[in-house]
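J.: First the structure, which I've put down as structure tokens, then a few questions once you've had a look.
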Amino acid sequence: MEAPHKREYRIRDLPTRSVTLFPTRAQIVRDIKDVALKPGANEIIIVGLSPTVDEHSIKVEGTGSATITDLNVVLLPNTDIFQEIYPDSDSESEQDKSDEEDEEEQDKINKALEEVRDKLVALGDEQQRAQEIISSAETRLKILDSHGLALDKREQVDIESSVETYRTERAKVFQDHIDGLIRVRTLDKEVGDLKKEEARLLKLDFKEKMRAAKAKAKVQRAKEKIKDKERRREAERQKEKARIRAEREQFWPRSCYTVRITLDVTNFGTPSSSRRSSIASASDLVKVAPEKESSKEGDDLACSLTLSYVTWSAFWSPSYDLTLSTINNTASLCFDAQLTNMTSETWSNCKVILSTSQTTFAGVLDTIPTLQPWRVKLAGRGYGGSVNDLIDSREERAEKNAWNVAQAAQQQQKPRAALFGVNATPDFGQPPNDNADYQMQLMLLEQQNKKRLMMARQEDHSKSGQPQQQYGQQMAMQQMQMQQAQVGGGMRGAFGGFGSAAPASAPQAPMAYMSNAMPMRRKEAGGGRGGASMMKSAKMRSSSAAPGGGDDSEEEFSEGGAAAYDGATVLEATPDLDFEESTFEETGLTATYDLPSLKTLKPNSTASKQRVARVNFTSVTFSRTVVAKYKPVAYLRARMRNASKLTLLRGPTGLTLDGTFMGRSTLPRCSSGEAFSMSLGVDPAIRVIYPKPDVKRSTTGVFTKGDNSIYTRTITLANTRGGTGKPVSITVLDQVPVSEDEKLRIDVREPRGLTSVGSEPVNTGQPGREGKDEKNWGKATAQLKKAGELVWEVQLNPGRCAKLTLEYEVALPAGERVMQCD
């Protein structure tokens, strides 16, 4: 059989048409245009898909004169070499210049000093010459003396001539000796003078050298400072290079998905009208394009393919900046999107679409449950069971446990260290052991899931009893089959990897941007809607982690995946400029936002911010709440209505009040037309005074011989805002004790008219200061609520002060004391 014609493409070389970001994943669409085909079988190989891709989401479509006969996806080790893709072009960085300038030559000796030394040398030679004359004269004199002494031993000697000769020669020798001595004395004097001159010149030369050495040391120190600065800069450059390399290694895949597409061009040259058209089979993924009337045999045909797939570790989350004005009672909300790409792929110059879809697919085995009859009977007085069968049934408990186990199994994921990083170079002759490592990890993952399922079933069996055992075993077997199917899908790859468990990566990406106080919330978003216990835990953590967030707790998880939009990443504030807003479309339960212009999303551990929309609010209501019994401050709160068509998702927001940045909070989810509230912290313009209660004995009471006391508390409110501002609304909360005993009676005396719980509000309050102008302080009403709670609604004018009085009488029998109930 003839081998198919092969063409290989790198995923990084393929253009990206669009990227649709979801809160936990992303869908990528890439184009492969003008693929040249040969008659017969053709194999298109696409290499380098990120290991975070869901292999079951890979789909190929297109147009052309071919039919897709096979589509194969396999996970293989990454064959690219990190150093080739990211070469160290600056590996040999500019070294510190040892010496940009040669060291200065030694200073030459002073010219005068050189001349003196030359003269000293010449005089030394003259001294040797003079000394030689003296030595020669002394030697000749000795010769003459020895010659004269030898005359008496000779015969026939002319004494007279000999003596004359001796005298003449001795005079010559003496003269030479005298001349030598005189010359020596003269030379010694000259040498001495020259020695002094040399010493003087040496001293001057030494001073000059010292001065030059100091100047040179100063220059050298300046050079060393420059060199140190260059070394520090080089060290910083090396650190930056190391940081960039480490960041690239975080997104360097150890293994990649490879897609093999087999195309058949058997009907080469056949008119398109005779081709088979089927929309149900996988072989029709390439749509037939209109062909020319005739084609010469041997010419290459071409087709265009579209590759789409879903990947985890890429997502978006909302981020807001809310600016409020208490002067105009208006607000402006900047809706931004934080785009995150933590895969190994770069999506360049593509259309970016944001979607709020949170839909997940659990598999065909996860069918709609059927309610079983809930039959109960009397168990008898001796029944000691710990489970209340009137709260939930055995079937309900089993279903909940099975659901929780399934969610936990979906959340199982491979750590990023197993998917990304640069592998060490293996020794020569030893192939890499990636296959065994991946297979071992998959086996361990499968065993852990099985153990978790069986332990959950056994725990549930012990609570619900024997009748539930058979039903629980059936559910356990069903879940085990699902897990085996998922793991088996991943094992189909020659080198292991994600397999079907890839969707479990969904929680990993968003969870990297969550605070530690909200770990469960992201897991629910990634795995669908979690169990009741997980929802309760996430809600409690939400209320404690974001005290300044939304006002209604039921808004937090009112819709299954809403909590997934919550994020703790605080990006730097964007400049106050106008941004090009995106287009908005809402269809059913999903909203999409098309970002303007083309974007490039590179792998990065930090999110990039893109402007989505700007929403303006009018008629913002600002209110203050005072609970002076606990804290003598006024809490400011703003309530506004979303009049736009946008659905505001839950997310972090920056708060700016009257031009002052206050901090970060959490914006609750708010649909179009609904209202939401934001806590703005303490209003410093409202002063609250709450002194200790005043207690006095009462002469009248219910019990004639009892102990009757009157307790009086006053709350003083002062609006320090002056000028012609508007009155502020303040809600003041306080309470009186509630009696749980018939013999203990508590009656409210002030405000007067509060006879019963829920009665009509009564006017109350008085000026907090004396003066004619203080009479126009405003107004206040009081109402008695349940559990002894009193509520004052106060309208306080600017610069005024109000006093609210609470007085209640406590009557109890003599000798009794009052204690608080547990």
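Using N, Cα and C of the backbone, Cβ positions are placed for all residues, glycine too.
Here the structure is a predicted model, which means the values were calculated and not measured.
OK, TrEMBL features for this one:
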- 19-144: domain 'DUF4140' (DOMAIN)
- 85-107: region 'Disordered' (REGION)
- 87-106: compositional bias 'Acidic residues' (COMPBIAS)
- 217-239: region 'Disordered' (REGION)
- 221-239: compositional bias 'Basic and acidic residues' (COMPBIAS)
- 305-813: domain 'DUF4139' (DOMAIN)
- 454-473: region 'Disordered' (REGION)
- 522-558: region 'Disordered' (REGION)
- 532-546: compositional bias 'Low complexity' (COMPBIAS)
- 753-776: region 'Disordered' (REGION)
- 756-766: compositional bias 'Polar residues' (COMPBIAS)
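Set these features in their place in the structure for me.
T.: For the region 'Disordered' (217-239), the DSSP-based tally of helix, strand and coil residues reads 23 helix, 0 strand, 0 coil.
Sorting each residue of the compositional bias 'Polar residues' (756-766) by its DSSP state yields 0 helix, 4 strand, 7 coil.
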J.: Residue counts in helix (H, G, I), strand (E, B) and coil for the domain 'DUF4140' (19-144), per DSSP?
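T.: Output for the domain 'DUF4140' (19-144) reads 41 helix, 43 strand, 42 coil.
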J.: May I ask for the residues of the chain that lie six or more residues beyond the compositional bias 'Polar residues' (756-766) and have a Cβ under 8 Å from a Cβ within it?
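T.: Non-local partners: 750, 777-786, 792-794, 802-805.
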J.: Could you tell me the mean pLDDT the prediction assigns to the domain 'DUF4140' (19-144)?
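T.: The answer is 80, the mean pLDDT of the model over that range.
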